[in-house]
Amino acid sequence: MATAVRGCVFCSIVHGQRDKHLKTSDNAVVIQDRSPHAPHHYLILSKLHINQASDLTAFDLPLVKEMDRLGRDYLCETLKERGEADTVEDLLRMGFHWSVFVTVRHLHMHLLYPTREMNFLYRAVIFRPGRFFRTVRNIIDNLEKKRNADGRANSNKGMRSSRTAVDANDSHGSPVKNMPDT
C-alpha cells in the first residue's frame, strides 16, 4: 500500500488519474508539467507522499535515484520517437525546488530540456541551480553523505514503506489514507 494525502493534487494524479501517466516505475510516475518552461518539461512524482525534498532522509536515496532514472529514460525514449538526437547532458536540468519555491507539497522532480530554449527568467532564476533549486546530483550527493555519516555506507536497502507520524496529517490536518499501489 502506498500512502496518499486527501486533497493533494499529485496524490490524486499518482493514484487515480492514470491517463496522465507518461511512464511509471515501482515508486514514481512521470507526467507532463501543466505549465511547461522548456520543450520537454516533465515532473517525476513520488508515489509515496513526502512533502518536499528537504524532508528526504538517507533512506530515500533509492527513491531519488529511481526518480532520476525514470525521468532520463522517458526523455531518451521521447527524443528517439521524435527523431531527435540523444540527450545532451549540458542542456538537461533536473532537480527539486527548495524553500519558498515549493508550490505543491508532494515530492516532485522537474526535468527540463533543452535549457537553452527556456525563457531567461526561468533558466537564470527559477530553475537556476543553487539556493532555491537543487539539482538531483546535489540531492543524491547530500543523501549519500548522510547515509555514510549514519554508518550505512553499504546499505541501499531500506526505502521507507511508510512515513513517520510527522506526515500523518497534511498541512490542513487531513488524515493520510492508504490507496492501492499502481
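Positions of Cβ are set from backbone N, Cα and C atoms, glycine also.
Quantities reported herein were computed from a predicted structural model and do not represent experimental measurements.
TrEMBL assigns the feature motif 'Histidine triad motif' to one of the listed ranges (71-75, 106-110, 176-180), namely 106-110. Here the domain 'HIT' (9-122) has, by DSSP, the following mix of helix, strand and coil residues: 49 helix, 25 strand, 40 coil.
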